[in-house]
Amino acid sequence: MNEPLPFWASETFWKKTAIWVTSGSFVLLILLTFDSLAKISAGGSRVPAYSVINKDISYRFDKQLQRYQPVILGDAPLFGKMLSETEAEQLVALGKKTTQAKNCMNCHTLLGNGAYYAPDLTKAWLDQAWGGAGRETAMAQFLLDPEKYAHTYGSNRKMPNLGITEEEARGVVAFLKWMSAIDTNGFPHNFKAIGAEEE
Amino acid sequence: MAIQAYQDKAAALYAGLRSRYSVFMANPHLTGGQKLAVHYFTAAVVLFMAQLLFGLLAGLQFIWPGFLYEVLDFNVNRMVHINAMIVWMLYGFIGSVYWFLEDESGVPVVGLKWGQLAFWVLTGAVALVVLVYLLVQVGSGNDTSLWFINEGREYIEAPRWADIGIVAVMLVFFYNVAATFAQGKWSGIAGVLTLDLVALAGLYLAGMFYATNISVDQYWWWWVIHLWVEATWEVLVGCIMAWSLMKLLGVRRQIVQTWLYIEVALMFGSGILGLGHHYFWIGTPEYWFTIGGFFSALEPIPLVAMVVHSVYDSGVHNFKNGNHPALAWIIAHTFGNFLGAGVWGFMHTLPQINLYTHGTQWSASHGHLAFFGAYATINIAFFYLAAQQARGNCWMGGGLANGWRWKWSLALLNLGVMGMTVALLIAGYEQSFIERAIEGSTWTAYFDAQNHPWFVQAMVWRVIFGLMTIAGGGLLFWDLLAIGKAETRKAAVINLA
């Protein structure tokens with residue numbers, strides 16, 4: 001056991017390798033994080049400004065990328081009221097905090113993350129289940145009394161009454177509308193949105 | 001009268017617990033650090049049982065959605081299920097480190113009193129958080145709810161006051177570890193462990209603030225979840241594994257430590273940028289497809305290396321060891337980690353397939369086997385090491401009295417989790433196929449997949465194997481309380497190679 005080890009089998013070689021590889025990867029991650037955070041700030045091309053809730057959001061098939069992408073069309077104020085950027089952000093924040101305080105993520109998925117007991121909410125605003133016109137009212141109504149307005153699609157799974165107030169319900173709808181406009185690189189796959197265009 | 005009777009009963013129970021506790025604290029076979037480790041292990045086992053119970057409730061609700069509707073809804077059960085898991089695993093890791101800290105450093109734990117205080121603070125806080133989860137459940141959409149009820153962010157739901165408490169406790173733990181090594185010997189394991197704990201505690205901070213922008217929110221959220229589970233926890237487990245291989249099999253330190261460094265290089269080299277596989281669909285730029293796909297495809301490599309080296313070590317030593325249950329669980333860890341984290345993770349990690357499988361039962365399948373294989377198993381191995389030492393380093397080899405208990409619990413737990421994993425995998429394939437590939441990801445598509453007989457059958461199988469897991473868990477609980485108590489023989493002595 002006394003013959004000298006080749007350098008590649010020695011403890012010090014691997015110690016140095018471990019340190020270099022770890023710090024190298026971490027530095028790269030930091031650099032990528034700066035870039036990613038700049039690209040996903042609200043108001044950029046990937047994540048829309050909160051005032052997008054004043055607009056008509058739809059889906060369009062991108063031939064080159066071979067996937068549907070969200071598109072922002074003309075004015076379509078939420079609950080019939082145009083909001084300033086600050087007001088819109090406040091409403092979306094109320095909705096986001098409500099989804100957290102009501103623990104939505106432990107039944108539903110948001111951007112595909114969460115639990116799988118209830119449907120993904122990523123593009124909920126654009127889901128055909130809500131029909132076309134007046135969907136914000138239908139959604140808010142559902143959130144206020146989910147048992148009464150439940151559509152279980154034969155699964156018998158019902159959302160419990162979580163004591164959501166009217167203002168909170170509007171906030172959640174605003175949050176869902178804003179989230180539906182995020183460019184999620186074509187996720188969920190092949191999503192057939194309300195009024196999706198195939199060119 | 002009735003109240004008086006209950007008071008007497010409670011007083012008797014309390015007196016009984018106190019006397020048992022003082023007997024335990026006078027145990028001559030354990031050092032101070034090891035006694036603290038047993039505290040952590042005890043709380044860990046209790047939380048493990050809670051994890052199994054709430055997992056069963058959530059699993060049953062898939063089959064009978066009306067079960068406990070508006071009493072304990074799925075979101076509450078599922079939150080307690082996954083939080084109990086995270087917390088018991090952390091308890092197990094912290095306990096394991098206290099367990100070998102004095103042996104590895106050669107000196108008593110520095111600041112042990114602080115460590116003991118931190119344990120009771122943490123345990124009190126965990127109990128309070130769970131009570132709030134169960135009794136209050138949800139709050140209004142404001143910051144008060146996020147501070148005092150729950151943050152509603154999968155895996156790190158703990159309200160913010162508890163987050164701050166957890167960080168304080170982690171700092172005490174870190175002080176115990178670093179100061180003890182500083183006063184005693186610094187080994188390779190000690191160095192890796194200390195740096196890893198800095199990273200582990202530091203990453204938790206990334207999940208402690210609110211962001212309205214959900215893309216930003218989930219960006220940092222994954223820093224905690226992924227960089228814990230697929231980087232710092234794996235390295236922590238590598239340190240624990242390295243120490244236990246030396247103790248259990250008498251492997252030479254130089255070999256173990258060289259492998260530990262190789263593992264750190266591979267684990268961090270693949271795991272840190274492998275983070276990218278969570279950045280495919282949350283609004284982040286497309287370059288994460290390439291980076292995330294490439295590095296996460298490398299992630300199984302260290303896990304293969306681990307199988308190679310542990311099987312090799314065991315073979316070289318002809319499986320001779322002084323604690324059969326612990327070695328059996330370490331072998332279960334090697335394979336569980338490789339299969340659950342490595343194979344199951346790799347199967348759906350590339351964007352080309354993840355587009356279909358993300359957010360389906362696929363993830364649940366991977367999660368069940370990965371957490372069990374990578375982390376539950378090695379913690380259980382340490383519970384057996386502790387049980388052996390606490391009972392006077394008793395015999396734990398072949399022909400152990402009531403040896404059927406550990407063998408059956410090992411078999412039931414492993415088969416149970418594997419069965420659940422396969423059932424959820426079948427459900428996941430079906431869901432990806434019908435909901436995503438065929439029907440186009442709408443809510444109707446979602447429910448078409450959920451109502452399909454193939455999905456329903458898989459969920460029934462999941463509960464059946466869940467019951468098997470619970471049977472194994474109960475047996476494990478019983479065995480840990482009893483194993484070696486009646487044993488008069490001393491542990492087998494393993495000659496160091």
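Start at 1 and count along the chain as shown; that gives each residue its number.
Even glycines carry a Cβ here, placed using N, Cα and C.
Here TrEMBL flags B:40-64 (among others) as transmembrane segment.
Residues or ranges marked as transmembrane segment in TrEMBL: B:84-101 (among others).
As annotated by TrEMBL, transmembrane segment applies to B:117-138 (among others). Note on the transmembrane segment (B:117-138): residues 36, 39-40, 43, 47, 50, 72-73, 76, 79-80, 83-84, 87, 145, 148-150, 157-159, 162, 165-166, 168-169, 172-173 of its chain, located 6 or more positions outside it, place their CB under 8 angstroms from a CB of the stretch.
Per TrEMBL, transmembrane segment is recorded for B:158-177 (among others).
Among residues of the same chain six or more beyond the transmembrane segment (B:189-211), those with a C-beta under 8 A of the stretch's C-beta atoms are 97, 104-105, 143, 146, 153, 156, 160, 163-164, 166-167, 170-171, 173-174, 177-178, 181, 217, 220-221, 223-225, 227-228, 231-233, 235-236, 238-239, 242-243, 256-257, 260-261, 264. Under the heading transmembrane segment, TrEMBL lists B:189-211 (among others).
According to TrEMBL, the feature transmembrane segment maps to B:223-246 (among others). Counting same-chain residues at least six beyond the ends of the transmembrane segment (B:223-246), those with a Cβ under 8 angstroms from any Cβ of the stretch are 89, 93, 96-97, 100, 103-104, 154-156, 189, 192-193, 196-197, 199-200, 203-204, 206-207, 252-253, 256-257, 259-260, 263-264, 267-268, 271-272, 274-275, 278, 299, 302, 306, 310, 313, 326, 330, 333, 337, 341, 345, 370-371, 374-375, 378, 381-382, 385.
Marked as transmembrane segment by TrEMBL: B:258-281 (among others).
What TrEMBL lists as transmembrane segment is B:287-312 (among others).
Marked as transmembrane segment by TrEMBL: B:324-347 (among others). Outside the transmembrane segment (B:324-347), and at least 6 residues removed from its termini, the chain residues within Cβ reach (under 8 Å) are 230, 234, 237, 241, 244-245, 248-249, 296-297, 299-300, 303-304, 306-307, 310-311, 314, 353, 365-366, 368-374, 377-378, 380-382, 384-385, 388, 396-398, 400, 403, 406-407, 410, 414, 417, 421, 425, 483.
Under the heading transmembrane segment, TrEMBL lists B:367-387 (among others).
The transmembrane segment annotation in TrEMBL covers B:408-429 (among others).
Here TrEMBL flags B:459-481 (among others) as transmembrane segment.
With a threshold of 8 Å between CB atoms, the same-chain residues lying at least 6 positions outside the transmembrane segment (B:459-481) that come near it are 45, 48-49, 52-53, 55-56, 59-60, 62-63, 380, 383-384, 387, 402, 405-406, 408-420, 422-424, 426-427. Proximity of the transmembrane segment (B:84-101) to the transmembrane segment (B:287-312) is not established, fewer than 3 Cβ-Cβ distances being under 8 Å for residue pairs spaced 6 or more apart.
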